[in-house]
Amino acid sequence: MVTLLFTSWRTDSWPSYALTLLACVLASAFYQYLEYVRYRVRRGRKPREGTAEEPFLLRSKGAGMVGKIAGGVLFGLSSLLGYLLMLAVMSFNGGVFLAVILGLTVGYLVFRGEDDDQTAGLNSTCACA
């Protein structure tokens, strides 16, 4: 079937292939979530109306350095996941490609759909974001 990212990650049956595709969808949606959180940390904007969420790590004036460190860590994680998704797509398997696109789409709609269109892809680590 397909070898994904590592030689130890091989699918040899339809159930293992389906689980691999599910992992790709979830990883892609999680990528969008990381981008959403990173954007919120960077901007320090108020949360969406109707949620109990507070601005992440920006509750006091002394949180500037903590916000920068958190933003850097989130950027690193986002970059790592973005490049792993790119490598997964480069397996040239149509199912993996569609699973990544589906996950990015669902993640965007769930986490980033209400943001301004200008913020989509802002300093993105992945060309597909």
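Just so it is clear, glycine is given a Cβ too, placed from its N, Cα and C backbone atoms.
For the transmembrane segment (14-34), the residues of the chain that approach it from at least six positions outside its boundaries are 1-2, 4, 74, 77-78, 81-82, 84-85, 88, 95-96, 99-104, 106-108, 110-112, 126, 129, judged by C-beta separation under 8 angstroms. Feature annotation from TrEMBL assigns transmembrane segment to 14-34 (among others).
The annotation transmembrane segment is assigned in TrEMBL to 65-86 (among others).
What TrEMBL records for 92-111 (among others) is transmembrane segment. Packing against the transmembrane segment (92-111) from elsewhere in the chain are residues 2, 4, 17, 20-22, 24-33, 35-36, 85, 120, 128-129: each is 6 or more residues past its ends and has a CB under 8 Å from a CB in it.
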